[in-house]
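Before any comments, here is the structure.
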Amino acid sequence: MFKREEIIEMANKDFEKAWIETKDLIKAKKVNESYPRIKPVFGKTHPVNDTIENLRQAYLRMGFEEYINPVIVDERDIYKQFGPEAMAVLDRCFYLAGLPRPDVGLSDEKISQIEKLGIKVSEHKESLQKILHGYKKGTLDGDDLVLEISNALEISSEMGLKILEEVFPEFKDLTAVSSKLTLRSHMTSGWFLTVSDLMNKKPLPFKLFSIDRCFRREQKEDKSHLMTYHSASCAIAGEGVDINDGKAIAEGLLSQFGFTNFKFIPDEKKSKYYTPETQTEVYAYHPKLKEWLEVATFGVYSPVALSKYGIDVPVMNLGLGVERLAMISGNFADVREMVYPQFYEHKLDDRAVASMVKLDKVPVMDEIYDLTKELIDSCVKNKDLKSPCELTIEKTFSFGKTKKNVKINIFEKEEGKNLLGPSILNEIYVYDGNVIGIPESFDGVKEEFKEFLEKGKSEGVATSIRYIDALCFKLTSKLEEAIVTNTSEFKVKVPIVRSLSDINLKIDDIALKQIMSKNKVIDVRGPVFLNVEVKIE
């Protein structure tokens, strides 16, 4: 907390002095907590759900009402809608199946098996029979069976499960039996049911839409087909409705997603639930992608199918695959990777990788941490001293009643050199997935590397960590360790940097894995010629 009154008094006496001196009150974050190692974290929506919401709003803007169509459809409805074609259509449907409920009796043999487990049945026989009978009749849910058996016999649930496994093996041998119910393979099967029920409840014409999941038994999933997908479908019912309504709706809907110019081409499939010569494929031009794309299908339902549902007016239906539109909007090449990104490789951008490059060792004590900045400034200021030369920094630290006098001596004894090597001011950048050390100046850099390094500096992400910064933190971290362990002296020598660890840096395993898998590089090589002796008294 600031001492506000003292600051105001200081400012009243000498504003300029107060303005400069109070800057020290704003404490800088420690290196591993500073930018770019801290980065904003945003929630992320899924492209399919984004597209669903955009489609919902697009339909609503066009005056449609939203409905949820049945997901479970009886196969009889498929026959009513498709006629003779139904058998071929049902091949792509998933049927719902369930386990039958076995007629399990409580024979003398079963009672004997239970009693061999050390459980007396005689007093509880009637209760146990009622439970087994209730399960067979469907009045008792399967997931309650073990609990009810345990309660009836006054035993633990673990023992109840053992009885179910060992005495009633019939439950383990059950095989699912298919019903006549299917999972909706396309939205049309639900529209017939919905429109039929609304005919006497809503004034004509009416416009409905539904965006929901469908299930299709594909032979295999590939980059453009999944066994479950979302259909964004609409239906318009009323006198005078025809394929012109389909064309207008297609244009109105898809123009909201950046498409311009539309082609309407007769669909060769000719599904029997559509009136002949009305089933139409919609191709739209996307100026950003500069190509024509098939994006929707529409048609007018056949009077034959409509009549079976008590519908006596034309109904136009248009549908499009949400995943298809999301792939176009997001420029995805594989629907599987778009829908299930968690099962595919996650690519980190340069900004993300830069946030994962951190100092390995950092002093904990504030006094020693603060010494690091002084050390860095002195090294930068004196880096070009001609050898033989040395730079000495002395500090006294107080820890309660104990004082420690520290003498740090940075030196170069060999003649004809500088105090520190030419790479000492190199800074770590992340560029095109690579982690590289880039010099402050490109003087003397070989032409074959110069263009890459220049691009790295102008287009890459700077970590704001120089070699000298990281090395000085390594030095003060060792100093802190020496003070704590009562070590009187130590040396640090780093002649040539070959890896991140040589300059006290580390990188997150996630980033490292990507760098290796993408054949990217970590190249921080360079001469720093750091020689240090530290004495503590």
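Counting starts with 1 at the first residue shown.
Heads up, the Cβ atoms here are built off N, Cα and C, so glycines get one too.
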Look at the substrate binding annotation in Swiss-Prot, where HIS186, MET187, THR188, SER231, ALA232, SER233, TYR273, TYR274 are given, and name the residue from ASN151, ASN200, ASN261, ASN317 listed for that site too.
ASN317
Same-chain residues at least 6 apart in sequence with Cβ under 8 Å of the Cβ of ALA232 (substrate binding site), in sequence order, are ILE52, LEU55, TYR59, PHE209, ILE211, GLY319, LEU320, GLY321, VAL322, LEU325
What is the Cβ neighbour count of ASN317 (substrate binding site) at a 10 Å cut-off, with all protein chains included?
27
Taking DSSP as the reference, which of helix, strand or coil describes HIS186 (substrate binding site)?
coil
Secondary structure at ASN317 (substrate binding site), reduced by DSSP to three states
strand
So how many other Cβ atoms are close to THR188 (substrate binding site), meaning within 10 Å of its Cβ?
26
